[in-house]
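Peer 1: According to TrEMBL, the protein carries these features:
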| type | residues | note |
| --- | --- | --- |
| BINDING | A:25, A:27, A:67, A:259, A:299, A:300 | Ca(2+) 1 binding site |
| BINDING | A:255, A:257, A:297 | Ca(2+) 2 binding site |
């Protein structure tokens with residue numbers, strides 16, 4: 001379930017007017033910006049952008065970028081974008097970050113979104129960057145990691161509920177054989193995790209655990225730490241197997257670090273606030289015995305903190 | 001340009017009634033079926049199917065399958081399907097044909113259709129077969145051919161006209177280096193042909209010819225004949241570089257063989273009749289100094305012949 005609180009009745013024109021007012025004159029009224037945008041869903045934010053453009057012949061996003069700064073600006077920018085467009089931006093930043101590309105973000109986007117959502121992201125990517133997502137991923141990675149990543153971003157997985165039990169059985173064995181022999185990069189491993197439907201893969205992973213007495217993610221810890229491909233494979237399987245649990249860990253790691261990882265924190269909160277952040281918050285509490293809001297409040301400050309807490313469902 | 005001749009005014013209901021009549025009583029009136037379906041475009045055929053279903057609570061396709069037989073039945077069946085659905089069927093038949101899969105058809109479908117058309121085919125494939133196209137391709141191929149095929153069917157290429165000249169330059173060199181060293185299956189070769197936009201690839205292939213004095217397709221003949229991967233790579237490049245010329249050759253080969261290859265002949269005519277078969281016919285005449293219709297008429301017979309000639313633009 002989502003965390004953001006959206007009022008029953010909203011007017012895109014009134015919101016646009018209020019945002020204009022918040023941006024005018026000496027200083028910016030960040031509180032007003034948060035109290036509007038932090039309580040609107042994707043469709044409403046899109047309407048506000050359109051209304052703002054019509055009223056003032058100005059791009060709201062550009063205006064906000066010039067008014068805001070730092071982590072708060074980046075969070076608002078990511079939040080205001082249409083989800084597919086936002087994911088295209090996140091992927092692009094991750095791919096071009098530095099060498100090597102931040103492939104965990106690419107995996108996260110390709111494996112925790114639905115097949116149709118991933119297609120929408122690929123379309124948005126092309127509209128923005130005049131090339132395909134897989135083209136950029138392929139050009140900025142290499143070796144086995146490239147094989148895996150290109151296959152993941154190119155996949156249009158079957159989204160039905162059907163399970164082929166015999167296939168789950170045989171492919172659990174293929175995975176187990178490869179892992180036991182430490183052939184993590186075996187082409188069948190890449191083929192299976194990148195083409196099978198998520199429902200089918202869950203069945204395969206369950207079968208793996210039943211037949212071999214241990215989960216595939218546990219088994220993958222057999223490899224050398226620091227092996228990039230192995231880490232990418234582990235992230236892939238975790239994203240497919242239990243996306244909520246995966247995001248709980250993204251949040252945990254982004255806060256646990258010496259110096260908060262604002263990119264990870266913002267990304268997890270912004271991309272899940274309209275989806276399942278409530279469930280992720282619960283998992284976080286179960287796992288860490290402290291409410292996520294409390295940790296976020298302690299680790300962040302100013303408008304950035306106020307904005308994240310609003311997205312986490314705090315009443316104004 | 002298309003070859004089929006479509007009257008200005010058509011009524012789906014009248015067509016459905018006439019088809020019903022053609023199927024009723026003793027014997028089937030194949031001429032009537034050809035004179036209707038052979039002169040209707042994809043949207044009209046879809047309307048006829050809907051009208052037929054509403055009028056008679058019967059699936060027109062099933063009815064035709066029970067009335068017709070042989071090459072004629074297969075041609076009508078392929079023709080009446082929505083193009084994306086038809087390509088899904090063609091791909092499925094090719095993949096499952098025998099071991100090894102008929103990968104030329106898979107390449108043809110993935111490289112001569114537009115990026116959006118290929119997406120529609122992947123959707124249609126999932127709706128029909130409850131799994132993804134890339135999943136089936138991956139499960140029925142192996143080795144380097146698999147790498148290439150999975151990448152081709154999974155691609156959602158950028159479809160814009162922009163060309164990056166520097167990239168064309170550097171990637172022409174990468175391709176030339178790999179080909180000179182006979183490393184045809186080099187991962188960069190697969191990456192380039194499967195992810196770059198077609199416009200970009202045309203620029204790259206032109207650059208290749210300019211810089212190295214010979215075309216990439218000519219250069220690819222350096223390899224061993226009978227090398228499956230090399231043949232697949234050649235087909236890929238020919239499909240991207242000049243689809244009309246490619247289809248001219250499909251037609252030429254399907255007729256030239258000892259015993260006509262009806263699958264190839266039907267496929268090329270049915271899939272191009274609404275698109276560019278007129279241009280392909282011209283190329284055929286240029287290359288073979290004999291009109292395509294004449295050769296088709298000589299090599300086929302009966303209703304199958306009558307249907308193909310109608311699709312080739314023959315007046316009734």
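Cβ atoms here come from the backbone N, Cα and C positions, even for glycine.
Because the structure is a prediction, the values reported are computed rather than measured.
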Peer 1: To the nearest whole angstrom, state the Cα distance for the pair residue A:300 (Ca(2+) 1 binding site) and residue A:255 (Ca(2+) 2 binding site).
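Peer 2: Cα-Cα, rounded: 10 Å.
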Peer 1: Given the binding-site residues A:27, A:67, A:255, A:259, A:297, A:299, which pass a C-beta cutoff of under 8 Å against chain B? Sequence order please.
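Peer 2: Among the binding-site residues A:27, A:67, A:255, A:259, A:297, A:299, not one has a Cβ sitting under 8 Å from a Cβ of chain B.
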Peer 1: May I ask for the distance between residue A:299 (Ca(2+) 1 binding site) and residue A:255 (Ca(2+) 2 binding site), taken between their Cα atoms and rounded to an integer number of Å?
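Peer 2: So the alpha carbons of residue A:299 (Ca(2+) 1 binding site) and residue A:255 (Ca(2+) 2 binding site) sit roughly 7 Å from each other.
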Peer 1: Using a 10 Å radius around each Cβ and all protein chains in view, which of these binding-site residues has the most neighbours: A:27, A:255, A:297, A:299, A:300?
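Peer 2: Of A:27, A:255, A:297, A:299, A:300, the one with the most crowded Cβ is A:300.
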Peer 1: Where residue A:297 (Ca(2+) 2 binding site) and residue A:259 (Ca(2+) 1 binding site) are concerned, what is their Cα separation in Å, rounded?
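Peer 2: Taking the Cα atoms only, residue A:297 (Ca(2+) 2 binding site) lies 14 Å from residue A:259 (Ca(2+) 1 binding site).
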Peer 1: Around residue A:259 (Ca(2+) 1 binding site), how many other CB atoms lie within 10 A of its CB?
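Peer 2: The answer is 6.
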Peer 1: Calculate the distance in Å between the alpha carbons (Cα) of residue A:27 (Ca(2+) 1 binding site) and residue A:255 (Ca(2+) 2 binding site), and round it to a whole number.
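Peer 2: Residue A:27 (Ca(2+) 1 binding site) to residue A:255 (Ca(2+) 2 binding site), Cα-Cα distance: 31 Å.
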Peer 1: Taking only the Cα atoms, work out how far residue A:25 (Ca(2+) 1 binding site) lies from residue A:255 (Ca(2+) 2 binding site), in Å, as a whole number.
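Peer 2: So the alpha carbons of residue A:25 (Ca(2+) 1 binding site) and residue A:255 (Ca(2+) 2 binding site) sit roughly 36 Å from each other.
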Peer 1: Just to verify: the residue among A:25, A:67 with the fewest other Cβ atoms within 10 Å, which of the binding-site residues is it?
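Peer 2: Counting other Cβ atoms within 10 Å of each of the binding-site residues A:25, A:67 gives the minimum at A:25.
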Peer 1: Sorry to bug you, but what's the C-alpha spacing from residue A:67 (Ca(2+) 1 binding site) to residue A:255 (Ca(2+) 2 binding site), rounded to the closest Å?
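Peer 2: Answer for this pair: 27 Å between alpha carbons.
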